[in-house]
Amino acid sequence: MNAGCVILACTLLVGASSGSKAGQPLKPPCRPGFSQNFYTVIVSRDLLHGQSILKDTTLSSERVKFEDCQRNREVGFVSSDPNFSVRPDGTVYAEQEVGNLSEPVQFMVTARGLHDPHIWETTVKLALAGHPHPSPFTKIGIEEMLSRVWDSPPRVIKFLRKHQRGSSANGLRRQKRDWVIPPINVPENSRGPFPHMLVRIRSDQDKDVGIRYSITGAGADQPPSGIYNIDPISGNMFVTQPLDREERASFHLRAHAVDMNGNQVENPIDLYIYVIDMNDNRPEFQNQVYNGSVAEGSKPGSSVMQVTATDSDDSTTANGMVRYRILSQSPHSPIPNMFTINSETGDIVTVAAGLDREKVSQYTIIVQATDMEGNLNFGLSNTATALISITDINDNPPELTVRTFSGEVPENKVNVVVTNLTVVDRDQPHSPNWNAVYRIVSGDPSGHFTIRTNPITNEGMVTVVKPVDFEMNRAFMLTVVVSNQAHLASGIQSSLQSTAGVTISVQDVNEPPVFPVNPKMIRFEEGVPAGTTLTVFAAQDPDHFIHQTVRYSKLSDPANWLKINRTNGQITTMALLDRESIYVKNNVYEATFLAFDNGSPQASGTGTLQIYLIDVNDNAPVLIPREAQVCERARPNSRINITASDADADPNIGPFVFELPSFPASVRRNWTISRLSGDYAQLRLRIPYLEASVYEIPIIVSDSGNPPLSNRSVIRVKVCPCDDNGDCSATGAVAAAGLGTGAIISILICIIILLSMVLLFVVWIKRREKERQTKQLLIDPEDDVRDNILKYDEEGGGEEDQDYDLSQLQQPESLDHIINKPTGVRRVDERPVIAESQYPVRPSLPHPGDIGDFINDGLRAADNDPTAPPYDSLLVFDYEGSGSTAGSVSSLNSSSTGDQDYDYLNDWGPRFKKLADLYGGGDDD
C-alpha cells in the first residue's frame with residue numbers, strides 16, 4: 001500500500017439475485033438499493049500523520065459494489081460533497097487535498113440509472129481511527145450532512161462538446177463519447193436564504209461571442225413555474241423557494257445557450273435535480289383505534305391483530321422506514337406484558353398464557369410507530385390504540401344454585417309452570433356457552449313434565465304438558481341435569497352441581513263426573529210408545545276420596561222425545577221415535593245430558609246418547625209424477641213413465657206394485673199399466689182415441705214391506721191433440737187445460753176491451769198535444785235564450801246615466817218590525833220575523849195559457865209581503881249615509897196594473913219579437 005493511500009472499509013451492496021439453482025436454497029427476492037442506509041469509514045491516524053490526502057487519492061481498497069437486479073442497468077454514483085466522488089466501479093476517492101480529519105466528514109452518495117428515473121441514496125461517514133464518532137443516525141449528523149450539501153461551492157457544468165480525431169489511412173473520424181452530467185441534489189425544507197445558487201452553466205464559446213443562458217421544463221417555465229431560474233449572462237442557476245420532496249421528488253430541466261441574435265450556440269443539456277428527503281413526516285396509522293380479539297386460554301404466539309402505519313417520507317431511506325413497539329398494556333393482569341408486536345410488520349401476538357375472559361374481558365394496548373428504523377433519538381413517532389377483546393370459550397359449566405327444588409301443581413292442569421330452576425354460568429351471557437339446556441333423566445316415565453329455558457334469565461321452567469291425576473300420583477320426584485348449548489372446552493369437566501332433584505306435589509281438586517261410555521250408542525225400533533225406558537245413562541265421580549252425589553239433567557234434546565231421571569240417569573221416551581224425522585241423521589238421533597256433583601265448587605260433565613232407530617214399514621209409497629200429458633190418439637211414444645217414493649228404508653221400499661182400481665170402470669177401460677222394472681211402470685191409453693181433456697186417474701201403489709203398505713194416488717193427465725212430432729198443439733193445449741167455448745169467448749172480449757182503452761188513451765194524448773200547439777208559449781223556441789250564452793258588447797254608463805230612484809236602497813224606516821231595532825244599519829240579508837204571505841202554488845204540469853195568471857198572482861203576493869227579498873241576498877251592504885236618494889228596492893212598483901206602452905220592444909231585435917207581440921198589441925193578446 002502506498003503512503004498516500006487511505007484505506008476506506010466501505011462496501012456498498014445493492015440487492016441480491018432473485019434466482020436460485022436447482023438443489024440450492026431459495027434466496028430472498030432481489031430488491032434494488034443499497035444494502036445499508038449508512039456506512040462508516042474508519043481512517044487510520046498513522047496514515048494522516050504529517051501527510052495530506054491528495055486529489056485522486058484512493059480511499060477504498062475495495063470497490064463500491066452496486067448490483068442491480070436486471071444485470072444490464074448502467075448506474076452512476078454522485079457524491080453530495082464536492083471533495084469526494086465515487087467512480088463507476090464503486091471506488092470512493094478524494095477530489096481535493098484534505099489536510100486532516102479532525103472532525104468526521106459525512107456526505108450522501110446517490111445512485112441513479114442512466115436510462116431510467118430511479119435513484120437510490122446512502123450516507124457515508126469518514127472518521128479518524130480512535131476518534132469518537134457518534135451513532136450514524138443522529139440529528140446532528142444529518143444536519144451537518146445537509147449543511148455541507150447546501151453550503152458546498154456550486155459546480156460548473158459545461159455544455160458537452162463532440163471531439164473528433166482523424167484516422168491515419170482513410171480519414172475516418174471517431175466521435176468521442178459524451179460525458180454524463182451528474183444530477184443536482186437539493187435538500188427539501190431548506191431555510192434559505194433564497195434564491196440559492198445551485199450550479200453554473202457555462203459554454204466554452206462565451207469568450208468569443210456573447211452568450212445568453214436559459215432553462216426550460218417543469219419548475220422553470222412550466223408548472224410549477226418559478227422554482228428555478230438562471231442568470232442569462234453569468235449562467236448561474238438558482239432555486240427560489242424551499243422544496244418538498246413529498247410534493248415533487250425530482251425535476252428535469254434543459255439548459256440552453258444562444259448568441260445575442262437568438263441563434264443556438266450549444267446543444268441543450270439535460271439537468272436532473274433530485275430533492276433530498278428529510279425526515280419531516282411522522283408515521284400515520286390508518287386507524288386511531290384498532291379492534292382485535294383472541295380467545296381466552298390461547299397459547300403463546302397466537303395471532304391477535306395487525307396495526308399499520310405509513311410514512312410519507314422516502315421508504316427507501318431510513319426516513320420512511322417505520323418500526324413498531326408497545327408502549328403500555330392495561331390492565332396488567334395477569335402480567336404486564338401479555339402481548340408483543342413485530343417491529344416491522346405490526347403483527348400483535350400473545351407471549352404468555354393466562355388469558356381469562358371472566359377476569360379480564362378486554363385489554364387496551366398503546367402502540368407506537370417510529371420512523372428512522374425505530375431510532376428514538378431523532379425519529380418521529382405516532383401512537384394508536386389497540387383494543388383486544390378476549391372472546392369466550394365454554395370453560396365454565398353451568399351450576400344449579402341448590403341441590404333440591406320443589407313445587408306443586410293442581411291435577412288436570414296443563415301448561416302450568418311448577419317451579420323455576422336457577423342456574424349460574426360465568427361464561428358470556430346469551431351465548432351458546434351460557435345458554436342452559438335442561439333434561440329430566442328420571443322420575444317422569446309417562447312424560448307429564450318438560451323443562452323449558454327462559455331465554456332472558458336462563459332459568460329452567462318445569463312445565464306440565466300432560467295432566468296429572470291426584471288419585472293416581474300424589475307426588476313426583478324428578479332428577480334434572482343442566483348443560484350448555486355448546487360443548488365444554490377441551491379439558492373442562494362437568495360440575496357436580498349440574499344435577500339436582502325436583503319434588504312436585506299434586507293438589508286434589510273437585511273433578512267433574514265422567515260418563516264411562518261417551519258417546520253411548522243404543523238401538524231401538526222407531527215408533528216405540530211414550531214412557532218406554534231406553535237405557536240408564538249414569539256418570540261416575542272420579543273423586544274417590546270424597547263422597548259426593550251426582551245429579552242429572554237434560555242439556556240438548558232437539559225433538560223433545562226423551563227425559564232423564566234426576567237421580568239415577570234413566571232415559572225414558574216422552575213421544576214416538578220417528579226415524580223419518582228431520583232431527584234424525586243417518587238413522588241416528590243424538591241427545592246430550594249433564595251430570596253434576598255437589599262439590600265446592602260444583603263440577604259438571606256432559607255425555608252424549610246416540611239412538612240408532614231401526615226402520616219399520618210405517619210410510620206408504622207416493623206416486624211420482626203427479627201430472628203428465630199424452631196425445632189423444634194412441635201412439636208408440638205417447639206413454640207416461642211412473643214410479644213411487646217411500647220415506648222408509650230398505651227393505652220397506654221397492655220394488656213397488658202399480659195397479660189401476662176397478663172403480664170407476666172407465667179407468668181400466670181407457671188406460672192400462674205395464675211394469676218396466678221393480679221401481680218403474682208405464683201408463684198408456686188402452687183405446688185408440690180419447691177426447692182431449694184433463695183426466696184424474698187413480699193408481700194404487702204398494703211397497704215391499706212386511707206387511708206391505710198401499711197408497712191410492714191420483715195422477716193428473718192432460719190429453720191433447722198432437723202434431724207430427726208428438727207434441728201438443730197450442731189449441732189442443734188450451735182445450736186440454738179444460739177451457740170451454742164460453743171461457744175462450746170471454747177471454748177474447750176482455751182482450752178487445754183492453755185494446756180499445758189503450759187506443760182511446762193514445763187519441764186523448766194526441767188531442768192534448770194538438771191543443772198545446774195551437775196556443776204557443778210566451779217565447780218562441782227559436783227565441784228562447786235560457787239555455788244560451790249571450791255576449792253584450794257594451795254596458796250602461798253607471799248610476800248617473802240612469803233614471804233610477806236610488807232612495808229605495810236606503811234602510812226603510814216605515815216598517816214596524818224594524819222600529820224597535822237599535823239605531824244603525826240593518827242587515828238586508830236578515831229575514832224579518834213576520835208571518836209569511838201565502839204565494840200561489842204552481843201546478844206540476846202547468847198549461848202554457850196559465851202562465852200569465854200565475855205571474856200576476858205572484859206579483860200581487862210579493863207587493864204585499866214585507867218578508868220578501870232582498871232579505872235573502874248573499875251580500876251584506878254597509879250603511880251609505882242618510883243623504884242617499886235611493887229607497888228600498890223591495891218597495892219598487894212591480895204591479896202589472898195600469899197602462900204602459902210596450903212598443904219599444906219592437907226595437908230590441910228578433911229575440912224580443914214575441915214579447916212585443918204579447919204586450920205591444922200584436923195579434924196574440
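The backbone N, Cα and C atoms fix where each Cβ goes, and this holds for glycine too.
Automatic, uncurated: that is what TrEMBL annotation is.
Annotated by TrEMBL as region 'Disordered', the relevant range among 296-315, 796-815 is 296-315. In the domain 'Cadherin' (516-623), the DSSP tally of helix, strand and coil residues is 0 helix, 47 strand, 61 coil. Sequence-distant contacts of the region 'Disordered' (296-315) (same chain, at least 6 residues past either end, Cβ-Cβ under 8 Å): 121, 245-246, 249, 277-287, 290, 321-322, 324, 339, 341, 345-353, 355-358, 367, 369, 371, 382, 384, 386, 388, 390-393, 395, 489. Across the domain 'Cadherin' (286-400), DSSP helix (H, G, I), strand (E, B) and coil residues number 6 helix, 50 strand, 59 coil.
Summarising model confidence by region, the domain 'Cadherin' (178-285) averages a pLDDT of 89.
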